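Worksheet: one structure, shown below.
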Amino acid sequence: MRLIILGAPGAGKGTQAEYLSSRFGIPHISTGDILRENVKNQTELGKKAKEYMDKGLLVPDEIVIEIVKNRLMQDDCKNGFLLDGFPRTIAQAEALEKVLADLGQKIDKVLNIEVPDEKILERMSGRRICKSCGASFHVVYRPPKKEGICDICGGQLYQREDDKEETVKKRLEVYHAQTQPLIEYYKNKGLLVTAVGQEEIADTTKEVLKALGVE
């Protein structure tokens with residue numbers, strides 16, 4: 001199975017991607033991860049990407065596509081893969097199609113995990129992380145016994161910059177503006193399937209399998 005997984009930040013996409021990867025025995029390819037890996041290993045493409053990343057700029061499509069292509073050519077992708085974080089734009093989607101056509105492959109399905117913005121806002125802005133041990137709590141769903149204090153090590157809990165309400169709202173805005181055209185693009189190609197994210201991870205997994213036609 002060759003899958004693309006879409007979902008807003010905080011929609012639980014990573015967790016589902018890991019599950020599907022082990023269920024189908026296909027690699028979970030996170031573009032962010034392979035980009036960082038190339039930078040760390042100082043590959044030619046990694047060096048080029050780093051120049052942009054160091055300036056806080058987006059890495060150009062041609063570099064990202066080349067990095068993704070190299071990853072898709074590895075042996076473990078022969079029987080399928082799960083792409084996460086790519087494509088983000090229609091231009092990238094078209095480039096990916098060309099790459100796959102060269103490899104004699106095509107995308108089977110594009111899975112979109114849908115969670116209402118207000119739900120994501122509640123999930124993310126309620127998260128609290130321990131400064132000492134990194135344990136994660138939630139003011140509504142998993143509150144610490146003592147406010148602001150970690151149950152595990154007694155460390156201080158804090159809210160990450162990424163989880164602040166204004167930041168989350170901005171990230172969601174950017175995500176929708178960028179991804180909506182992509183969702184339409186794959187819908188028109190008859191590849192899009194949608195799973196509605198639930199409160200419980202296991203319930204979301206059920207929705208995901210149903211959307212993919214796997215029980």
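Including glycine, each Cβ sits where the backbone N, Cα and C put it.
According to Swiss-Prot, GLY10, ALA11, GLY12, LYS13, GLY14, THR15, SER136, PHE137, GLU199 bind ATP; the candidate from ARG2, ARG23, ARG127 that the record adds to this site is ARG127. The binding-site residues considered are LEU57, VAL59, CYS153; of these, LEU57 has the fewest other C-beta atoms within 10 angstroms of its C-beta. Taking the C-alpha positions, the distance from CYS153 (Zn(2+) binding site) to ARG160 (AMP binding site) comes to 19 Å. If you check the binding-site residues LEU57, VAL59, PHE86 against ARG127 (ATP binding site), none has a Cα inside 10 Å of its Cα. Comparing Cα positions, GLY14 (ATP binding site) lies closest to ARG88 out of the binding-site residues LEU57, VAL59, ARG88, CYS130, ARG160. Per DSSP, the secondary structure of the region 'NMP' (30-59) breaks down as 21 helix, 1 strand, 8 coil.
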